[in-house]
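Single-structure report; data block below.
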Amino acid sequence: MPGPSPGLCRASLGLWAALGLGLLGLSAVAQEPFWADLQPRVALVERGGSLWLNCSTNCPRPERGGLETSLRRNGTQRGLRWLARQLVDIREPETQPVCFFRCARRTLQARGLIRTFQRPDRVELVPLPAWQPVGENFTLSCRVPGAGPRGSLTLTLLRGAQELIRRSFAGEPPRARGAVLTATVLARREDHGANFSCRAELDLRPHGLGLFENSSAPRELRTFALSPDPPRLAAPRLLEVGSERPVSCTLDELFPASEAGVYLALGDHRLSPEITLEGDALVATATATANAEQEGARQLVCRVTLGGESRETRENVTVYSFPAPVLTLSEPSAPEGKVVTVTCAAGAGALVTLDGIPAEVPGQPAQLQLNATEDDDERSFFCDAVLEVAGETLSKNKSAELRVLYAPRLDDSDCPRSWTWPEGPEQTLRCEARGNPTPSVHCERPDSGAVLALGLLGPVTRALAGTYRCTAANVQGQAVKDVTLTVEYAPVLDSVGCPEHITWLEGTEVSLSCVAHGVPPPNVSCVRSGEARVLEGLLHVGREHAGTYRCEATNPQGSAAKNVAVTVEYGPSFEEPSCPSNWTWVEGSGQLFSCEVDGKPEPSVECIGSEGTSEGMLLPLASSDSNPRVPSISSDLAPGIYICNATNRHGSTVKAVAVSTESPPQMDESTCPSHQTWLEGAEAAALACDARGRPSPQVRCSREGVPRPQRLRVSREDAGTYHCLATNMHGTDTRTVTVGVEYRPVVAELAASPPGGVRPGGNFTLTCRAEAWPPAQISWRAPPGALNIGLSSNNSTLSVAGAMGSHGGEYECAATNAHGRHARRITVRVAGPWLWVAVGGAAGGAALLAAGAGLAFYVQSTACKKGEYNVQEAESSGEAVCLNGAGGGAGGGSGAEGGTEAAGTAEEQAGGEVFAIQLTSA
């Protein structure tokens, strides 16, 4: 009996090894210790928040288990070896939940730690004092109730964005909550208006949470500084009833001065001061006014208050009453010779003085009398009063003026009898009279009633010259005086006495006279420009006298000069250079005949045809105007003789002008066709291109790009673009001519595909390519009985699919255009061994097929070497292979030949191109 196979032995050993390892594994599990686990072990929860605790064990079958905690529970989930419980509304700062399981008579425990935190939601800064003196300390206190744990809390006191003090409470017990930070700060001037705040930061990032920040509302600090010195009060010692006097109160070293309050009062009457600030100084100004009830000694009080503190100053002021004295005249306006009484009086206790003469005792008036004369007019009287108040002597005065009424008086000193003034400068015309009331003075010319504007500053004009009667009058009488006014002025040359333009007629006698106006009368002289001789007497006028003359008038007041343009006029005359007797007009140039005629004023010219085709026709003339508006010359201006007539107001003259016409070169389609055709082989000739024009233009044509070589016959290389230029003395004209060369057709290529021949059932294609212009028409001739022949769209390709014996034979391709015909021929032969099968009969065919099948593998591998061809391979490759060597087939050699034919004729075939294919079975 054979033993166990080696494979079975190997399987048995593997089974025993697995059982051994399993027993070792069970032994290891039995010896592993069991434990309980609580996750998370340590947790930090926001006060009032919730937390899921997961209590688990590795005991395979715990008897029981649970989670001991004093916190509120919301839900519990259980498994065989785990317990999950949600704790909610956690508010205790610190608690320790216990996870326990009973396993194998042992209690497994895991203890956790849950702590709560509270964000710094309330950050409070204790209110600051309403006003804080500069240089004294004040307390900043910040409270953050409930926030914690305190060990993670940091408080910062800030002035604006500047940190004053920063304290971290790290190391505080975990259960500690809330914090207070207090600091003492010295008040400074720059702290006025500053905002103080407290920032609390609870940093729980080390516990996996974020940084919680909050700040208190800012509190503004107001600091002040008040000088210990009292204000300085500036006020009068005496104040008159009904008067107004300025008072001022000044205090330095005051900060902030704009916050200070000012109280300013006179007795019981409070004033309304205007406050002015200059740095740390305050100035209060007001106007003090006293009434009769306040008469006597009064106190002026100034009190400055800032930050709850004040500084005060008092001054004594005496209020008094002192009316001004009274000065009276018995008649303030008295007629000459009237007696006038003057009286000066004042209030009780005042001593008065009239024009230096005092009264006898205080309280009595002073008085004087006078007989009014002209010298007393506008006399002033002075009344002075003196009063003593509080040890000071006060004085007041009053004045009055006496007016004495008397008749007018016109003196030569105030109203001269003769005035002489130069024209132009402003003068004040004065004729003043003495008298009271002030007389009115009126001066007018007896002849015209013209009135002088007396007492007004104004320009002196020659129109004011003349004799005036001046009358002075008031209520006391009148006075009359004649005054002569003379106005001198420089010479004037106006257009009336000395015109700017003078016209003389050639051949007459004239004199150049120029009259000037002026006072005194001016002297006038005239000289020609560029000459020194003064023009005097009569002149016999010639054209040489035309020009500009300078006339000058002179008197003691000045001089005046004027240019006088003298124009000499004369009848018209023709000059050959300016109006030629022979003129040639060039057609299309737009040129006008220029005929300038000498004459003043400028003559009008008209030219009219007098004979032949030009008779009665108007010859347009070029205008000498800078902006001519003349008719254009038509393209058929008639040549001939034109009579030109020139006329002005001094006469007329005529001249005969012979006009001939010429034209620049012009080529168009009729003289130089833009498209011309030549025939290849024809005798070479120039382009048919002529031009019109007078004189006859010369025409030259050149080929664009490569120059045309000299040939006797036309070649197709002569085709291209030619540029023709026609030239005569009046210009040029160009034209572009395109030359095309036509030629007879030639069949350049006749080819068969496949090139080696065709077998029965195979495909072949004949391609015919011809060169001709215009393009040739392609036609084919096939062997009789050839069917299923396909032609391309332009007849250049003949195709046969499934060749038969009837497709063998001669094919002809012919190309024809207007200049002739050309044809080529090719022979196609269809041959193969299938004919042997038909002749041998069924027995021979069967034997042949059997032999062919036996030799199939050998034929397939050696066909290419022996020149034979497999039908299946030929069909797949699309190529024909010649048998028995290159180019030599059973059907003989191959070749092609063709010839040209004239239109409508045929050429006999000299030979043919034969394609033979030997078919072999597969």
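The backbone N, Cα and C atoms fix where each Cβ goes, and this holds for glycine too.
It should be emphasised that the depicted structure is a prediction, and the values quoted were computed from it without experimental measurement.
The domain 'Ig-like' annotation in TrEMBL covers 408-486 (among others). Residue counts for the domain 'Ig-like' (408-486) under DSSP, helix first, then strand, then coil, are 3 helix, 41 strand, 35 coil.
Residues annotated as domain 'Ig-like' in TrEMBL: 491-567 (among others).
Across the domain 'Ig-like' (572-660), DSSP assigns 3 helix, 41 strand, 45 coil. Positions annotated as domain 'Ig-like' by TrEMBL: 572-660 (among others).
If you look up TrEMBL, you'll see 665-738 (among others) marked as domain 'Ig-like'.
The domain 'Ig-like' annotation in TrEMBL covers 745-829 (among others).
Annotation comment: TrEMBL describes 1-30 as signal peptide.
The transmembrane segment annotation in TrEMBL covers 834-859.
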Checklist entry - What are the helix, strand and coil residue counts for the domain 'Ig-like' (745-829) according to DSSP? => result 3 helix, 52 strand, 30 coil
Item to check | the domain 'Ig-like' (665-738), counted residue by residue under DSSP: helix, strand, coil | outcome: 3 helix, 35 strand, 36 coil
Checklist entry - Counting each residue once, how many in the domain 'Ig-like' (491-567) are helix, strand and coil under DSSP? => result 3 helix, 40 strand, 34 coil
